[in-house]
Amino acid sequence: MVKRGCCHRKMVNHKGCLVSGIFLAVIGAVLFILAFALLPHLINQTTQNAVIQAVIVDSTSSQRYNDWAGQQSIENYYQQYFYAWNLTNPNEFLNGSIPIFETVGPFNYKYEFNFSNVTFQDGGNLATYTQSKSFIYQSDMSPNDPNEIMITNINPAYLGLMFQLAPNAELLDNMPAENLLIALSGCGQMRLFLEYLSSDNFTNIVYFTQNPKLYQEQYLNILKSLNGDEQYFYQQWANATSIPQKGNGWYGMLVSSVNNNNESSNISILSAKLLFNSSNENSILNQEIGSTLWINALLGDKTSITVLTSELQLTVDQIDMILNWWLNDFSKVYTESYVNEICDIPDISMLGVCQFVTGNALNGRSISNYTFLTQPFDQGPIEIPLLYQSIGIDVKLSVSVQQAYKSLFNESDSNSILNLNGLVNFLTASKSFDTFKQYNVTLFDAIKIIGYATAELYEQYNKPTILGLYEKYGGLIVTRSMDDWLWNCQDGILDYLGVDQPCALQQNNTVNKPSTIFTGQQDLSMTNQIFEFQEQTFLTCWNGSVQVEGFTESGQFPPLQSDPPQTMTLFEENVIRPVQLELSGDSQVQGIDTKRYYLVNNSFPISTTFKTTIPGFANLTDIQNLPIYVSLWDMYEVPPQYSSNNLQGLNQTYQSAQVPLDLEPITGNALYYNLKLQINLAIPEFSNWFSSNSTFKNMKSNVFYPILKIGQTATPSQSNIDLLNSQFKLIKILGFVPVIVVSIIGGIILIAGISMFAFGFKKLRQQKQQGYQAIINNE
């Protein structure tokens with residue numbers, strides 16, 4: 001789906017649904033990045049200034065600029081991993097049973113980012129950047145192949161459609177939202193109609209319908225010029241490879257002239273006479289049976305070909321030659337211009353619209369009346385006037401074919417009523433009758449078109465098609481590969497409605513709006529504090545303005561913290577709000593001393609500001625235009641009446657859901673973290689979405705369904721960890737000794753340095769340590 005800023009609001013019906021990444025472009029796309037930026041750098045000073053110089057990025061010439069701008073995400077391993085919630089009893093669930101879920105995973109991806117359009121303001125105190133992100137599947141680290149593992153769950157795309165249609169359905173005598181979906185699906189049905197009516201197959205059927213009359217006229221003209229010599233006519237029609245010397249009007253009337261080998265067809269005069277005897281039911285001029293036989297032969301039907309070869313004494317090659325002449329020579333010379341004239345169109349490309357709004361292309365006959373093979377329309381007329389005629393209403397639209405194509409039925413136009421958004425806009429125009437002028441249609445035409453699309457097609461075409469899509473693709477419940485769920489989903493119902501939006505839960509290779517942070521140049525305590533999130537300093541999507549505050553999720557915190565704070569505020573981009581981390585105690589990451597923080601309990605409390613009515617659920621419904629709720633894993637901290645009482649499979653333990661962070665206070669680097677969030681979808685309370693005979697009639701409202709677990713972590717390379725460990729040990733032991741010398745000089749000087757240390761240790765240990773060596777940092 002199209003990514004939006006958190007304060008963006010759009011009209012429910014004007015954007016279709018919105019479905020799936022679409023719906024969840026923010027969720028999971030933001031990683032809590034480890035700050036590994038200092039890992040590749042050897043210590044070059046033993047002062048606090050060295051640490052500051054390595055941490056602070058206030059210009060493009062800063063020591064660590066390239067790492068900060070994205071290089072570190074390539075050299076180290078940043079991981080986003082997923083567990084899918086799989087519904088194991090979908091059929092029983094649809095029949096009213098409690099849903100049973102299992103988790104499937106992990107599916108591991110390497111995450112890389114890049115900062116572009118970087119500018120520094122306020123003398124380097126502020127940095128603005130645009131961040132792009134990409135995910136790379138790690139097959140060697142994933143026990144499951146996302147292309148092969150199939151997952152069944154609630155369909156975000158369909159859920160979004162229901163959610164967005166429900167308010168309007170309530171205004172229509174409290175109509176179930178699904179019924180409104182079926183009515184509006186007339187847009188997709190009309191597009192299917194016009195796709196067929198604009199196909200070569202339909203054009204050929206028009207030629208089979210119009211050619212006989214035009215052929216008879218030209219035949220009589222030639223025969224008149226031959227003084228009635230019928231025998232000569234058939235001889236020339238069958239075998240002449242160039243214009244005959246006798247008679248006039250032969251152009252387009254010679255079957256052998258279209259033979260690329262310049263050879264005669266050798267069709268006998270007897271066969272020619274049978275072919276053009278309209279009373280013969282096998283004749284190409286016979287509109288009762290013959291034309292159907294020839295259409296089916298064109299479509300490759302062996303039975304029809306056998307009948308024609310037998311009854312007309314023709315070979316298969318001769319039948320092919322006749323069809324080639326009839327459709328590609330005679331039709332181009334005589335029929336195409338005639339059809340353009342009766343349809344009042346500039347060329348044959350508008351032939352389908354002509355038939356759809358007038359029926360003239362088939363002389364007032366519906367395509368549904370033809371009985372050829374693969375006939376797609378057996379539920380009655382599809383043309384607007386002919387459908388009304390079939391129910392006893394005489395309707396003749398006043399809009400011209402060309403204007404109808406331009407204003408209503410041009411699929412490449414986003415305002416076309418062949419897609420959901422366009423049809424909704426057309427319906428909205430009915431609130432003020434004058435606005436139909438923008439479509440250049442009269443009120444009468446508009447009402448008839450609306451009635452046709454939403455009411456007259458409802459039972460015969462719209463409903464069967466939607467139910468067929470349920471069966472083929474799924475509706476509320478779908479089964480897709482994990483790769484489709486994450487990245488590449490295309491929803492069959494969205495496609496049918498002409499909604500050109502992806503339905504995946506994630507987006508790859510995204511580019512965010514610009515954000516601005518404090519660099520820490522003027523105040524170390526402000527290092528990496530967010531100033532502006534995607535062009536907003538205040539989040540207006542909530543009840544009242546919420547100030548953007550907290551450290552960004554880059555893993556870099558203020559350096560040189562001799563007394564680490566008891567709490568830290570992070571701006572959590574996944575849920576678009578500040579969250580709190582609380583100091584727990586000492587910890588170690590691969591031998592390096594760190595401070596362990598945890599996400600505080602009750603991180604998503606009831607809040608009118610953040611529109612949270614159920615503890616544990618971060619409600620993003622208004623932001624995503626979809627009933628979506630973010631929680632910790634397994635809906636931890638969500639009351640049982642909204643979680644474990646309604647489904648099976650949750651593991652609601654603190655060990656499963658805890659979010660730790662290990663902070664190295666000297667450099668301000670987070671050396672470890674494991675962020676765990678979960679996407680959940682819901683059918684809102686008091687929803688009137690489904691009728692009593694719907695496939696989904698047993699779905700309960702105000703029930704929350706787990707969809708996807710998202711984990712985010714990172715790992716520094718072992719060489720960087722080894723370097724970091726060794727340098728910290730030297731710092732602790734040597735104090736004022738210029739460690740940088742040891743790091744730069746070769747093995748001999750290293751041994752000498754260590755000897756000097758042993759000799760002077762008693763004196764040196766009384767001295768105060770002053771310098772720290774630059775270590776890993778990641779932005």
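The count begins at 1 with the first shown residue.
Any Cβ shown, glycine's included, is placed from N, Cα and C.
Not measured: the values here are computed from a predicted model.
Copied over from Swiss-Prot:
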- 1-17: topological domain 'Cytoplasmic' (TOPO_DOM)
- 18-38: transmembrane segment (TRANSMEM)
- 39-732: topological domain 'Lumenal' (TOPO_DOM)
- ASN44: N-linked glycosylation site (CARBOHYD)
- ASN95: N-linked glycosylation site (CARBOHYD)
- ASN114: N-linked glycosylation site (CARBOHYD)
- ASN201: N-linked glycosylation site (CARBOHYD)
- ASN239: N-linked glycosylation site (CARBOHYD)
- ASN262: N-linked glycosylation site (CARBOHYD)
- ASN266: N-linked glycosylation site (CARBOHYD)
- ASN277: N-linked glycosylation site (CARBOHYD)
- ASN369: N-linked glycosylation site (CARBOHYD)
- ASN440: N-linked glycosylation site (CARBOHYD)
- ASN651: N-linked glycosylation site (CARBOHYD)
- ASN693: N-linked glycosylation site (CARBOHYD)
- 733-753: transmembrane segment (TRANSMEM)
- 754-779: topological domain 'Cytoplasmic' (TOPO_DOM)
- 771-774: motif 'Tyrosine-type lysosomal sorting signal' (MOTIF)
Those glycosylation sites listed as ASN266, ASN693, and which of them has the most Cβ atoms within 10 Å of its own Cβ:
ASN266
According to DSSP, does ASN201 (N-linked glycosylation site) fall in a helix, a strand, or coil?
helix
By Cα-Cα distance, the member of glycosylation sites ASN95, ASN262, ASN369 nearest ASN693 (N-linked glycosylation site):
ASN95
Where the distance is taken from Cα to Cα, which of the glycosylation sites ASN201, ASN239, ASN369, ASN651 turns out closest to ASN266 (N-linked glycosylation site)?
ASN239
Return the single residue from the glycosylation sites list (ASN114, ASN262, ASN277, ASN651) that has the minimum number of other CB atoms within 10 Å.
ASN262
Nearest of the glycosylation sites to ASN369 (N-linked glycosylation site) by CA-CA distance, picking from ASN201, ASN239, ASN262, ASN277?
ASN201
Determine the most Cβ-crowded residue among the glycosylation sites ASN95, ASN239, ASN369, ASN440, using a 10 Å radius around each Cβ and all protein chains in the structure.
ASN239
Based on Cα distances to ASN95 (N-linked glycosylation site), point out the closest of the glycosylation sites ASN201, ASN440, ASN651.
ASN651
Of the glycosylation sites ASN262, ASN277, ASN440, which sits closest to ASN239 (N-linked glycosylation site) by Cα distance?
ASN262
Closest to ASN651 (N-linked glycosylation site): which of the glycosylation sites ASN114, ASN201, ASN262, ASN277, going by Cα position?
ASN114
Would you count the other CB atoms within 10 A of the CB of ASN201 (N-linked glycosylation site), including those on all shown protein chains?
15
